[in-house]
Ligand code: 5AD
Ligand code: SF4
């Protein structure tokens, strides 16, 4: 039998790209490709790209430059660009980088096998009628105890800084039965924890057997799947946190006490200019309601500093909001002007000012993150083992609150969900001993 062809995939950006890469690997698997970790031995290299900030986009072109010698040494090597840069800059990529054979957008990648079979350059950045998920091969390979599952894609919110509504397109929700089938299949293959993904996951509105399902209703349905012990979802918009979804955090033991709820800024002026359609006060009240439903929930968020027009007072308002909430984690970004978005037309905040604000916000968040982690010491929590630790007799996994935990447990097995007592807090992880 001939050696199988080898596929190398590099994934940039968000968790949805991680999920998409996995599905593309499976689609190419049906064509006889196996994954390789080494680009040098690949017959096909696929770069699954991110367009969210300027730096993320630029990486693509430097990586493509580095592939030139490989392509020269092996002209039959196929080079594909997928993801959001492919969607936004497909023609530009082909013009600047003739070594690229395939450009495929995030909604068209079910057509990748066909494109790979063809000769010459091929571009597909359509938003096709048919849903890619209906055309992709069934997921079969055994896998680890955690997995992502895309339930919703695209965004209709049009925040003034964001390219997602243009690269991923309008909001689309997958039907409930497809999601449940995929979830059950993953559980049969060893998955214990699912993270439901969507650019705006809590705007989920999927068709189900008995009408329209919201995310809260979908989660309640998923919590009934035998063997599925943990559920998470990301990323959410504050305005889509409805009562039922908030209540689900109190009602469903499977729904883990960690929620990523981006707020972006704590200044009403800036929130308005960002087209976020809520105030800082409304966000704080929402946090109160969520904590009333699930008091031990850890919140994380995204922040942008240096949005056009942001003053020192606005920045202080962001710091005030962070102090008022107390986050368990957060991602901070310096505003990056994205072509085609409304905010890109406005005069930027000077780089030094934005850098200083980023530094200050980051320091406050690091402090809060540390405090939240330290506060776990002495507590009993669940940990799902993902792999053996570096030390003998040690297992590593995530806590209910998404902290990395090293557990002393010589009997531990990957995929086991255990109770542990947290014994110490280190820089980026917790130590624990198994109980019970
Ligand atoms: N500049 C900086 N950060 C951005 N994000 C989205 N667009 C931009 C931009 N143009 C951040 C937001 C979002 C996260 C995924 O990326 O904080 O929540
Ligand atoms: Fe982008 Fe999120 Fe705003 Fe949608 S809600 S436009 S994905 S930041």
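Cβ coordinates are placed from backbone N, Cα and C, and glycine is handled just like the others.
The following features are taken from TrEMBL:
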BINDING   14, 50, 84  [4Fe-4S] cluster 1 binding site
BINDING   155, 159, 162  [4Fe-4S] cluster 2 binding site
DOMAIN    5-121  domain 'MTTase N-terminal'
DOMAIN    141-371  domain 'Radical SAM core'
DOMAIN    374-436  domain 'TRAM'
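Residue environment of residue 14 ([4Fe-4S] cluster 1 binding site) contains 19 other Cβ atoms, counted within 10 Å of its Cβ in all protein chains. Residue 159 ([4Fe-4S] cluster 2 binding site) sits 17 Å from residue 84 ([4Fe-4S] cluster 1 binding site), counting Cα to Cα.
Packing around residue 155 ([4Fe-4S] cluster 2 binding site) is summarised by its Cβ count: 23 other Cβ atoms lie within 10 angstroms of its Cβ, all protein chains included. In this view, residue 162 ([4Fe-4S] cluster 2 binding site) is surrounded by 21 other Cβ atoms within 10 Å of its Cβ, with every protein chain counted. Taking a Cβ distance under 6 Å to any atom of ligand 2 as the criterion, the binding-site residues 14, 50, 84 reduce to none.
Close to ligand 1, meaning a Cβ under 6 Å from one of its atoms, is not one of the binding-site residues 50, 84, 155, 159.
Residues 14, 50, 84 make up the record's [4Fe-4S] cluster 1 site, and a Cβ search at 8 Å around their centroid adds 12, 13, 16, 17, 49, 51, 52, 56, 83, 167 from the same chain.
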